[in-house]
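Chemist: Once you've had a glance at the structure underneath, I'll fire off some questions.
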Amino acid sequence: MHILEKFRMPCAWRGSAKQISVDAVIPLFAVPALAVIAAQTLFCTIIIFVTTPVLVHYLHHNFLRFLLRTKFFFVWTIVSVIMLMLVFEITVVPLLEILPEENLVFIICVVGGIWCGYLTRLKADRMTQNAGQGLELGEGSGELCLICRRRTPPRAYHCRTCQTCILGREYHCKWLDCCIGSSNLRWYLACLLFSAIAFIYGSNLTMTSVCHPFILIATVLLPDDCSDVYYQLDIALCFVSAIYSLLVGLVLVCYLIYHLWLIYLGTTSNERRNLPPSSHYGESVLKSLSPIFCCKV
Ligand SMILES: [Zn+2]
Ligand SMILES: [Zn+2]
């Protein structure tokens with residue numbers, strides 16, 4: 001038994017059947033703590049943003065991947081979204097640098113992203129339930145899955161985490177804790193689009209509020225001088241949140257472009273992974289990044 005599995009003593013939530021495990025609790029404390037440490041000095045910011053992806057990858061590679069289904073990444077997503085929203089609405093908006101309509105556009109994109117993420121998970125749950133109840137051994141028209149021990153429809157692939165075959169499987173997204181397949185791909189793409197806009201736009205609004213901005217075109221501002229953000233902890237937290245949002249937003253844009261490219265090619269990332277190496281054009285960057293961001297490409 002793995003060391004983290006020993007600590008994974010489910011403690012019953014009073015009066016409910018919900019269980020909580022240690023690996024899912026870590027991000028509740030780690031994300032806000034890392035943000036506060038990063039907000040101390042520029043040196044701390046750089047160290048935290050460089051070491052955190054490496055540490056999360058180390059944790060995933062050595063501990064989390066041995067757990068059957070960890071909520072670590074999903075809780076990380078929820079805590080990050082709540083933290084960034086709170087920092088924006090409690091600290092950035094009262095600075096009165098942001099117009100009400102700019103805040104409204106930001107909130108619409110955040111709500112759109114959360115709603116599409118929720119639908120992605122809902123459709124994934126239905127997909128795994130249907131797969132579990134539907135096809136019995138020998139049914140279906142495709143190849144025999146040796147793990148499920150049943151015939152599955154064409155273009156269905158097995159997910160070890162969901163423990164079933166998923167139609168049009170792309171990969172298991174750890175950050176949403178569900179499989180991405182043909183039934184929820186459109187909601188996943190909408191989630192990526194809304195979230196990417198919300199993260200990048202929120203980052204820009206925050207940066208231009210806490211740093212000295214300059215006018216790019218009309219009402220479009222860019223941050224200019226951010227040298228004095230570390231004098232106040234709340235302003236430094238806004239600055240750190242803005243960098244975090246920008247980085248996450250850019251990663252989401254990469255994933256969105258990657259999926260649109262796969263749709264254009266008429267394939268899925270699961271199928272491309274099974275192709276010979278010579279047929280992988282332009283995927284080397286995403287492939288090398290994917291272990292860090294823990295989405296199995
Ligand atoms: Zn299977
Ligand atoms: Zn899965």
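Numbers run from 1 along the shown chain.
Glycine is no exception: its Cβ is also placed from the backbone N, Cα and C atoms.
No curator has checked TrEMBL annotations; they are predicted automatically.
Look at TrEMBL and you will find 142-273 tagged as domain 'Palmitoyltransferase DHHC'. Positions annotated as transmembrane segment by TrEMBL: 33-60, 72-92, 104-120, 189-222, 242-265.
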Chemist: Give me the stretch from 33-60, 189-222, 242-265 with the greatest number of Cβ pairs under 8 Å to the transmembrane segment (104-120).
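Modeler: By the under-8 Å Cβ criterion, the transmembrane segment (104-120) pairs most with 189-222.
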Chemist: Return the average pLDDT for the domain 'Palmitoyltransferase DHHC' (142-273) as a whole number.
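Modeler: PLDDT averaged over the stretch: 88.
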